[in-house]
Structure formats: C-alpha cells, structure tokens
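Participant: Below, the features straight out of TrEMBL:
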- A:2-286: domain 'Heme-copper oxidase subunit III family profile' (DOMAIN)
- A:12-33: transmembrane segment (TRANSMEM)
- A:39-58: transmembrane segment (TRANSMEM)
- A:79-102: transmembrane segment (TRANSMEM)
- A:182-202: transmembrane segment (TRANSMEM)
- A:222-246: transmembrane segment (TRANSMEM)
- A:267-285: transmembrane segment (TRANSMEM)
Amino acid sequence: MSGGSYYVPESSKWPALGSLAVGIMMAGLGTLLVYGRGALVMTLGMVAVLSVMFLWFRDVVRESRQGLYDDQMDRSFRWGMGWFIFSEVMFFAAFFGALFYVRTFAVPWLDGEGAKGVAALLWPDFTASWPLMNPPDAGISGPRESVSPWQLPLANTLFLVSSSITLTIAHEALKEGYRRTARNWLIGTLVLGISFLVVQGFEYYEAYAHLGLTLEAGIYGSTFFLLTGFHGLHVTIGAITLAVMLGRIIKGHFTRDDHFAFEAASWYWHFVDVVWIGLFLFVYVF
Amino acid sequence: MASNLPPKPTLEHSTAASGGLAHEHHERPRGIWRWLLTTNHKEIGTLYLVFSLVMFFIGGIFALVVRAELFQPGLQLVQPEFFNQMTTMHGLIMVFGAVMPSFVGLANWMVPLQVGAPDMALPRLNNFSFWLLPVAFTLLLSTLLMPGGGPDFGWTFYAPLSTTYAPPSTTFFILSLHMAGISSILGAINIIATILNLRAPGMRLMDMPLFVWTWLITAFLLIAVMPILAGVITMMLMDINFGTSFFNAAGGGDPVLFQHLFWFFGHPEVYIMILPAFGIVSAIIPTFARKPLFGYASMVYATASIAILSFLVWAHHMFVVGLPLVAELFFMFTTMLIAIPTGVKVFNWIATLFRGSITFETAMLFALSFVVLFTIGGFSGLMLAIAPADFQYHDTYFVVAHFHYVLVPGAIFAVMAGVYYWLPKWTGHYPDERLGRWHFWMSVIGVNLTFFPMHFSGLAGMPRRIPDYALQFADFNMVSSVGAFMFGVSQLLFVWGVIKCVRGGEKAPAKAWEGAEDLEWSVPSPAPLHTFETPPEFTPITH
C-alpha cells in the first residue's frame, strides 16, 4: 500500500505529441492506401511516433534511476504490462478464431456439408480441402503449394523456443548479479530472435516467388499471412525491446531485485513464443 | 526497491481531507497547455466529459437529420446515400465518442476519489488515452467530406457492405477506429491498475463502492474485446486494400465470419456501456433513499455474472443469418439467462428504496427513471432473445426501440444522474434544482415520445435504416420525430445547468448529500487538484 510516495509526474508533453504523431501517421497511411500518395506523411508520422516513444521511455527510465518509483509504482507497472499482454492475447485470439471458423465451418459448408450445405449451390464444382488450394471462384487463383512445416518453420520453432530458454537464463543471471553472463545470454537471445525474422523473411520470399502463396491466394493465403505477419511484427517489437534492455544492461542499469523493464520485456518475449507454438501447430502442421 | 533513494519531500498531510497546497509545485502550465500536458486525473476526467458532451451533440445532430427526414413518408430533406451516412455516423459517434468516453471521464474523476488514490496508476498514459480521442474522431468526421462520402453501412459495418461495396473513405474509418480502440484499451488498463493497486489501506475489494466494482469489470471487458474489434477491422482493411478473402466466399472466406467476430466484440461492448451505469445508479439510490444499498454482495456477483455471460450470447444478433439450429437454441437460452442477474439488480435497487427516506433531487430523478426505463429496454431485449420471434423483429424499429431504451434512458440518463450527483464535488456548487427538474422532465418525456412508438412501428414491420416508409407508419414516425427534437433541445438545458453550476450557485460542503457515504465525500468541495497524496485511513462500512 502507498506510503504517500506514489509518483505522479507534474505534466508531460509526450502524450499529446504522441497522439498527434499517431494521427499524422494514420492520416498518411490512409491517404497512401486510398489515393496512392502520402507515404512521406506516413513516414514522418511514424518517425514522430517512434521519437515520442523513445523520449517518453527515456523520461520513465530517468525517473526510475532517480529512485522516484516506490514498490507500489512497481506493482502498477506489473499490472499494466500484464493486462497489456492479455489484450495482445485477445488480438491473436481474433485471428485464431477466424482460422478455426474458416477451417471448421466456412470451407466445408461451401462444399455442401452440414446444416448450411445449401451454400454449395454457389460453386457446385468446389471441393473443400485444407490448405485450400482451389478457392471456390475461378477469379481467385489458389497457391500452387503450401508451406512444409518440417523445414523452415521447424527451424524457426527451434529458434524461438531456445530463445525463451536463453532469455530465462539471462534473467536468472541478472537476479544473481552476474551481469556479464546476463548480457551474453541476452545477446544470444537476440541472435536467435533475429535469425527467426531472417528465416521468416526468406519463407515469405519463397511463398511469393515459388509457391504462389500470396495475400490474394484465397483464404489459406489470407490466414497464413495474417497470423504469421502479425506474429512477425510482434517478434520485431519484442526484439527491439530486448535490444533496449541489452543497451541498459551494458550501461549499468538494473539491480538484482529491481529490473522490471527487463522482466516486462521477457514476459512479452515469452508471450510471442507461445503464440508461435500455436501458429506452428495450427497454421503449419495440422 | 531502488537502492539509491534521494531524500523525498516530506508530506505533511495526514487526513483524507487535505488538499495539495503544501506540495512543492512547479509552475503549472496555463491556458491550453494546462489541458494538453496535464497528468491530473481530475483534469483528464473533465476533458473526457467535455469531449463526450461535444460528441453527444454532434451525434445528436446526425440523429435529428434522420428524424427530420422520417418526419413524413417520402424523401424530403436528404438523399438516401446521405441518410445512410447519418444513421451510421450517429451510431459510431454515440457509441465510441459519447457514451464510452463519458463513462471513462466519470471513472477518471471518481475512481481515485472513491478508492482513496492520489491519482490514476499511470497518469501520463491516462493523458495519452484521452488525446487519442479528438484525433481519432477528427479523422472519423472528416470522412463525411471525402469523395464518396463517409461510412454508410450502419454502425455494425457488416461485410461485404463495408468491404466490397464500401466508399473509399472506409480505410480512414478503420484507422480512426483503431485509434479509438487503442485509447480504450490503454484507458482500461489504467483503471484496472488503479483499482487493483491504489486502494486506500484497509479497503478490500468487497469494500469498494459499486461504481468502482462495475468499472473494474468493465475495464476487464474492454481489455478482452477491444482487441477483437482491432482484429476484425484489420481483416476488413486487408480485404479492402490487400486482396485477402476473409469475408469473401469466392476465396473461401465467409461474410458471416465478420458477424461472429464483430458481435464477439459487440455484445460485451453493450455491457461496457451499461455496467458503469449500474454503478452510478447504485451510488445515487442509496444516497437519496438514505439507506445502504440492499444486497451489496449480490450486486457485485450479478455484475460479474453479466460480464461472463456477455461472452456467450453474441450470436443472438445473428438469429436470421442462417445459423445451425443448435446455435440458435444455445444463444437463445444463454441470452435469457442474463435476465437473472439483471433482475437481481433491479430488485436490489427497489429493495433499497423500500421504506427509505426518499428525496427527489435531479440526480435521483434520473436514477429512478433509469430503473424504470432501462427495465423496459431489458424486457424488449428478452422478447428479442426468443429466436423464433426474432425472425419477425429482426432489423425492424423494434430493435431500434430496444437498444435506444437501454442506451438513452439507460446509459445516458445514468451519466446525467452521475453528473448531477457529483457536480457539487467537482465545482463546489449545487446544480440548479429547478433547471435540473426542467431538464429531467423534458428529457424523460422526449425520450419516451421518441422511442416508445418505435416498438409499435417495429412490430408492424417497419425496417430500420431506410429513409422512407409505408404510409401506415406515418403517425408513429411523426410522434418519434417530435419527441426527438424535444429531447435534443432539452439537452441545451443540461449544458446551461452545468455551466451555471461551474460559475456559481449554492455552496456545497464536503459531504454534499446527506445520505452519501463513500470516500469522495470526505474531501472538500470542490475537490482540490491533488487529493489523497497520503492515503486516507479507510474504515469499512458494513453493507
């Protein structure tokens, strides 16, 4: 409970500037998508968003270093990060839900199965399968091949699962006060994370160049890129966060029992890892 | 936690009622900067409330355009295309711009005061949550001026109306909704952290005022379902701009998938807009009945039950889309189950009134009319829950009557009741009772004139979202339109009353209402900018 030391910042320009920056970015993105121009505005907005984030977090780090945060503030951060990750879980739940719905209901129904089999009247020649190689309408050409789970995705699974292990070792080392060990295992984690992203990029290239698997290739391509794409984005965010933690460890931040930023980043990384397990099972294997 | 703590300024407050004057303050920003840079929960609460009031009037004007067109059969004032934009924007603005931010505003003001916290848990994030909203809604409103017009597919933006057949501005609509959604999620995280972590020493969860409880549960719902909305509009964005097939059967997707995802968000969203209203009414009725709330614990459990059930009822919005029979039955029965916890609540409010020493201040008038009129909306909801009957009611004015009864004399009356109730705490002055009573009676008559006839025109088959109608509906529609303008104009009385109260009026003491017992009444009126910098001693009152 509060001992009257709960830190309330007097005022800050980052929230308002951040909102403005998000607005500029969104307006630019919209103009780019709808009218094919506005890339410059969008880029400016994005740079502004990232700058505000950097400056805002810098303030928070400084306040933390000055000892302005008490235990109660620490718990606020924990609740905040925990619920934020829960919101991310629900974001992915929407995408997994869409995948399961399509696989279990929509595609079989289009083939005449079940209570809504009348939908088969739309495309009588359609045969259901998953991965869906032949979308119902001839106007949409499906992929030539699906992605084999036992090559690049398996490698990526190994990368991410072992990165969670190395990160835990780094965390344990930090708690024991072995800063060099923590640093080295964190570097290892980052290398694994970046390897994942490189492999993912290569897989996307293969999909587009050789498999005919694109966003336009019907529902299989749609769900494939939606799920793996947003996951990849989250790996990127997680890797950037871990990189910041690496920088802070090198600069001498964090103590054995006060390093919540590091913990938050590792919570996030483990979350991203768990999502990948779901992806590997339901997007690639089954 | 940190090892190198610098000397802290000594805090000299020991009582709950102490203001923030002794704190060493920097020069506070003035004018517009004060509001742009603020991290203070009271100032941000005010910002939210003013913003939602502005949105309430903008959304209200759109509704009046709709009602003006429907005053008589035939097309008089607007083209059908513009009519569609007005119905759509009215819904979007009211849901995301007026009702939700008004509750967040009240939470900002009252949750820290009611739990004895110095501020919200994450004050800067709080300010960010607010300022995203004006940006988001500027972008949303700007779509009306874009080529092809604004969103015209109804506030539920069903695919493929909102994808294949949508105006180009839909992309901007999606992006603005993303911003509003981020704002809601961050705001909810802040509220939940405040409630779980910043309660005064000695205040257990089951000691919290009901408004805090309902907001705790609402915040959970927000964090759970706003990301689903983000997901579904992201899929829309990709269908529109990147050629994906999520909601396109030609590629193996399904437009019905859109409806499942949307309503998985949308039904908890409905309770997001009513649970805090339950909390407000549960504060006001005991105050003016001068009795403790009847069945405090059952109120908490009922609220939680409603929240859990809200995840299991979504497809009752989709009874006519062609669901398998087993789904129709499942969603029919789960929906009817909601009547039980809701009935518990209504019973408890009435039992609180029983043998109370009741006075009828404006706040109480609004709260009492909430109980009656919300219950009407609840009963029509029960009718709609009957799947076979819904085949007749679906997409008629009966549905419009139902959800306006729970949202206008439901949610919005509760917000107004809350404003009249807490204005003395915010401004230090009592609101003008005579003006308040005029506002109340004009509103309550206007609201019923507007929405009660819609039950009949709906049962007789008048479809919603159509700018013209068959001649037999003319009388009902004329009454509705007269009522709508009456309700709209009477809201100017509300604005006048609030401005008058801010500028002056009878001075209110710390405990402005005789029967008010919660922690916020222990700080001076108006509440100083900083309260509870040292947490108050909390002694539980037995419920």
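Glycine is no exception: its Cβ is also placed from the backbone N, Cα and C atoms.
Any idea what these are sitting next to in the structure?
Facilitator: Remote same-chain partners of the transmembrane segment (A:12-33), defined as residues 6 or more beyond its termini with a Cβ less than 8 Å from a stretch Cβ, comprise 39-46, 48-49, 51-53, 55-56, 59.
Non-local neighbours of the transmembrane segment (A:39-58) in the same chain are 12, 14-15, 17-18, 20-29, 31-32, 244; each lies 6+ residues outside the stretch with a CB under 8 Å from one of its CB atoms.
Note on the transmembrane segment (A:182-202): residues 152, 155-156, 159-160, 162-163, 166-167, 169-171, 173-174, 228, 232, 235-236, 238-239, 242-243, 245-246, 249-250, 269 of its chain, located 6 or more positions outside it, place their CB under 8 angstroms from a CB of the stretch.
Beyond its flanks by at least six residues, the transmembrane segment (A:222-246) meets 57, 88, 91-92, 95-96, 98-99, 102, 147, 160, 167, 183, 186-187, 189-190, 193-194, 196-197, 200, 204, 207, 213-215, 261-262, 265-266, 268-269, 272, 275-276, 279, 283 of its own chain at Cβ-Cβ distances under 8 Å.
Residues 81-82, 85, 88-89, 92, 96, 99-100, 147, 149, 153-154, 156-157, 160-161, 163-164, 167, 189, 193, 223-224, 227-228, 231, 234-235, 237-238, 241-242 of the same chain lie 6+ residues outside the transmembrane segment (A:267-285) yet bring a C-beta within less than 8 angstroms of a C-beta in it.
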Participant: I need to check the long-range neighbours of the transmembrane segment (A:79-102): which residues 6 or more away from its ends have a CB within less than 8 Å of a CB in the stretch?
Facilitator: 219, 223, 226-227, 230-231, 234, 264, 267-268, 271, 275, 278, 282-283
Participant: Please compute the mean pLDDT of the model over the domain 'Heme-copper oxidase subunit III family profile' (A:2-286).
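Facilitator: Summing pLDDT over the domain 'Heme-copper oxidase subunit III family profile' (A:2-286) and dividing by its length gives 95.
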